[in-house]
Amino acid sequence: MSFDMDHEQFASFYGPTTGDSVRLGDTDLFAKIEKDLTVHGQESLFGGGKVLRDGMGVSATETRAENPMVADLIISDAIIIDWTGIYKADIGIRDGKILAIGKGGNPDVMDNVDFIVGASTEAISGEGMIVTAGGIDLHVHYITPSIAQAALDNGITTLFGGGTGPANGTRSATCNPGAWYTHRMLQAVDNAPINYGLMAKGSGSRPELIGEQIEAGCAAIKTHEDWGATAAGIENSIAAANKYDVQYAVHTDSLNEGGFVENTINAFNGNTVHTFHTEGAGGGHAPDIMVVAGQDNVLPSSTTPTNPYCKNTLDELFYMTMVCHNLNPKIPDDVAFAESRIRKQTEAAEDVLQDMGALSMMTSDAQAMGRVGEVAMRCWQLASKMKKVRGPLDGDSKYDDNNRIKRYVAKYTINPAICNGISDYVGSIEVGKYADLNIWDPKYFGTKPDMVIKNGMITYGIAGDPSSSLPTPEPVLERFLYGAEGRAVNHTCVTYVSQYAYDHGIKEQLGLNKTILPVHNTRSLTKANMKLNNYTPKTIEIDPQTYDVKIDGKLITCDAAPTLPLTQRYYLY
């Protein structure tokens with residue numbers, strides 16, 4: 001005779017199941033579980049007197065050496081939030097990669113087992129917890145090495161950007177200057193407990209100028225107006241990107257000195273381009289850079305300073321711009337330059353375009369107008385705001401915001417991975433990919449992950465007083481853990497380089513210890529490749545006098561948010 005359990009009691013033991021909804025932090029968003037791949041009555045619960053014991057949920061006979069389906073780690077009964085779906089499953093990890101997603105346990109006594117829990121398997125209790133893929137930030141100024149910890153604080157596990165420290169060039173532009181600095185930066189990040197990729201400086205009128213940086217190990221190219229965003233620089237950078245199969249990103253000409261947005265689009269010549277802070281407050285043709293989001297070949301992203309649009313956004317942006325771009329408040333032309341980039345109309349429209357899926361990615365612009373520790377948080381704040389402003393998306397309903405949730409999680413996971421040619425490795429929770437995962441308590445979702453797993457090992461997470469008798473006493477802080485220590489970093493973290501540098505032995509040439517992987521498949525991408533964020537308006541019009549934005553003839557705007565979720569309730573200081 002089967003045992004009937006009260007639904008509430010079941011959820012308290014094993015976490016929610018199909019049809020149950022989970023609130024994300026203090027937002028207005030609810031994730032509804034679409035399916036449950038575990039087997040009811042045979043859940044792989046760990047703990048005293050529970051299931052994962054020898055001969056019960058743990059196989060007494062299968063060895064890791066003899067059976068490739070024996071996992072190194074099981075995350076049991078987890079709620080997975082990914083662009084691929086919102087569902088419940090056990091996650092099996094082996095050799096740092098996702099081995100299986102479904103039911104983990106002992107096939108000798110359990111039904112429908114997808115991977116085996118053996119004597120060599122570690123356990124993380126995922127009951128009632130949310131698992132997402134590690135976040136990817138494609139717009140990071142490498143000003144301080146401490147940025148790695150700030151990123152991990154919000155579940156960001158991969159950084160792409162450029163720079164050499166607090167030099168003025170780095171404070172303005174996310175690009176690495178030359179082969180010598182590229183080599184030094186590859187060595188500098190070799191022990192950093194996070195994935196890194198470097199972006200070459202896309203300036204000059206010969207592709208060879210950019211190409212030498214790609215050959216030195218850069219994994220992408222960035223043109224920035226502070227170094228000159230001319231048509232020639234764009235065209236030659238794209239030529240180098242096409243030759244070496246790396247992504248090309250651009251921060252366009254705010255002052256319209258070398259041409260207008262139409263000239264820049266012509267310089268793209270139909271090639272794949274990642275446009276940074278596409279709204280324009282972070283930089284770009286004033287006032288109409290956002291029209292590039294209507295181009296099929298453009299992969300558009302936003303940055304955290306303008307998302308979501310709030311009552312204090314405009315005031316903050318002016319001072320950010322002055323500092324980041326080495327401007328002098330005593331020079332009227334410098335002040336005018338900063339003011340030209342700040343437009344409430346385009347910032348309001350940007351929120352809506354993100355919600356429509358016309359803007360495909362979210363990035364930080366870290367320490368140069370944005371905050372690397374807010375990428376995930378800002379995404380979910382924006383999603384919650386847009387639910388209030390625009391209501392449920394098509395297919396969503398009360399206690400079911402799955403379509404909106406999947407759209408927004410894609411903005412900082414799978415889409416950046418696709419954009420920069422690393423989606424074969426990371427960016428989603430799929431079998432065969434590296435296990436870069438975040439585990440969240442739902443009430444802290446989007447703010448502070450309980451654990452950050454890098455290539456299958458806990459690298460960062462919540463831990464209590466090291467001198468206490470338990471792991472839980474205060475002070476409970478986010479701390480670096482064993483995956484971030486010693487030579488483990490060589491296996492838990494990755495540096496991405498160009499295929500050329502990989503093939504020509506950059507790891508051996510520079511004596512690097514980290515895992516080195518090549519980027520690829522970046523040059524034939526279009527907006528259609530952006531998962532759940534591929535809406536391409538037929539027309540985007542920005543009035544040069546009023547800055548009003550129209551999409552396919554319809555005015556697009558929203559009010560500044562007076563308050564936001566995921567704020568002071570979670571961050572007291």
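Note that Cβ sites are derived from N, Cα and C of the backbone, with glycine treated the same way.
Of the residues Asp365, Asp394, Asp396, Asp400, Swiss-Prot puts just one in the Ni(2+) 1 site with His139, His141, Lys222: Asp365.
The annotation in Swiss-Prot ties Lys222, His277 to Ni(2+) 2, and of the candidates under consideration, His183, His251, the one tied to the same site is His251. Fewest other C-beta atoms within 10 Å: among the recorded positions His224, His251, His277, His325, that description fits His325. Counting only same-chain residues six or more apart in sequence, the Cβ atoms lying under 8 angstroms from the Cβ of Lys222 (Ni(2+) 2 binding site) belong to Gly162, Ala173, Thr174, Cys175, Met199, Ala200, Lys201, Gly202, Tyr248, Ala249, Val250, His251, Phe276. What surrounds the Ni(2+) 2 site, by Cβ distance within 8 Å of the Cβ centroid and not counting Lys222, His251, His277, is the set His139, Ala173, Thr174, Thr223, His224, Ala249, Val250, Thr252, Thr275, Phe276, Gly282, Gly283, Gly284, Asp365 from the same chain. For the pair His224 (substrate binding site) and His277 (Ni(2+) 2 binding site), the C-alpha distance works out to 12 angstrom.
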